[in-house]
Amino acid sequence: MSKNYRAELVGAFGNPIDENPTGVMEEAAFAAKGLNFRYLTVKVDKEDLEAAMNGVKAFQMKGINLTIPHKVRVLEYLDELSEAARIIGAVNMVVNKDGKLWGENTDGKGFLISLKNEDVSVDGKNVVILGAGGAAKAIGVECALAGAKKITVVNRSRERGQDLAHLIAEKTSADSQYVSWDASYRVEPNTDILINATSIGLYPDVDKKPDVDYNTITPSMVVSDVVFNDPNTLFLQEAAKRGSHTVNGLGMLVNQGALNFTLWTGTEAPLDVMTDALKKEFGL
Ligand code: NDP
């Protein structure tokens with residue numbers, strides 16, 4: 001039998017990219033599944049994105065992750081988009097389907113799976129999202145597409161917050177409203193799921209937490225954070241003190257990585273292996 005020395009290639013394009021840990025969990029998953037795939041963490045400047053995407057085709061790569069600053073601009077170089085990616089207007093991953101590039105956004109889907117793994121459904125629920133950036137947008141749109149009743153967007157910058165609330169109300173069947181964030185946010189008692197989708201609390205600012213009146217958080221609420229480094233954020237610690245069910249950002253990270261793995265390889269992802277690899281990397 002002839003040997004195959006050629007590895008299948010996937011990876012990530014971004015800048016900054018040096019500290020992106022995704023390759024650690026994807027490489028661990030390839031090894032666990034005995035797949036000859038390599039995950040390349042590649043620094044690509046804004047103005048070089050077109051050349052880099054042509055490279056994906058020229059090298060016949062199976063696909064690529066996109067991160068800052070390419071998630072929106074890359075749409076110009078794609079042939080097709082998933083429904084969620086079209087609504088969000090940003091992709092975090094691309095699959096090369098026989099030379100045609102298909103874009104998907106797995107951030108929000110990874111978030112929903114992390115809730116589902118904790119027996120939490122968003123169907124019919126009142127969801128409050130702190131933040132209106134890339135992560136908030138992906139989560140808001142996916143929660144709405146998964147049947148959430150209402151999405152409240154709480155954001156410091158009014159324009160960004162209003163844009164996200166309008167987008168959800170226009171493009172999905174969920175209700176959505178923007179609430180300004182110029183004072184400590186008081187969580188409405190009918191809130192089912194409260195999510196920090198800002199970068200507040202991200203390393204090295206682990207002593208910071210979103211400006212919320214934490215005494216308005218009740219035990220009936222599920223409280224989640226997208227920040228994964230360190231996953232035990234002050235925000236989640238405060239919610240846990242009020243008896244809430246908390247879900248940290250590690251699940252979202254691992255599950256979006258697992259979805260990407262499956263879309264690229266056609267193989268079920270070894271979730272435990274990927275989780276362990278990341279925890280080890282973060283010293284948890
Ligand atoms: P963006 O830069 O797109 O958005 C940042 C958001 O945080 C904005 O809404 C911004 O508000 C808000 N914000 C930042 N600082 C403050 C502050 N001091 N006070 C109030 N609001 C603030 O970032 P992303 O959405 O891409 O990422 C957000 C977080 O999500 C990061 O920590 C990232 O690591 C994490 N993430 C986690 C993932 C996971 O898998 N767990 C996946 C993707 C991201 P404003 O609009 O006013 O500037």
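Placement of Cβ uses the backbone N, Cα and C atoms for every residue, glycine included.
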Shikimate binding, same site as Thr67, Asp107, Gln256 - TrEMBL member from Asn54, Asn92, Asn96, Asn117: Asn92
Long-range Cβ neighbours of the domain 'SDH C-terminal' (249-279) (under 8 Å; 6 or more residues past either end): 8, 10, 21-22, 24-30, 32-33, 35, 37, 62-63, 65, 92-93, 95, 104, 106-107, 109-111, 113-114, 117-118, 224-228, 231, 233
10 Å Cα neighbourhood of Gly134 (NADP(+) binding site): matching recorded positions from Lys71, Asp107, Gln256: Lys71, Asp107
Whole-number Å value for how far Ala135 (NADP(+) binding site) lies from Thr67 (shikimate binding site) (Cα to Cα): 11
Residue among binding-site residues Gly131, Gly134 with least C-beta crowding, 10 angstrom cut-off: Gly134
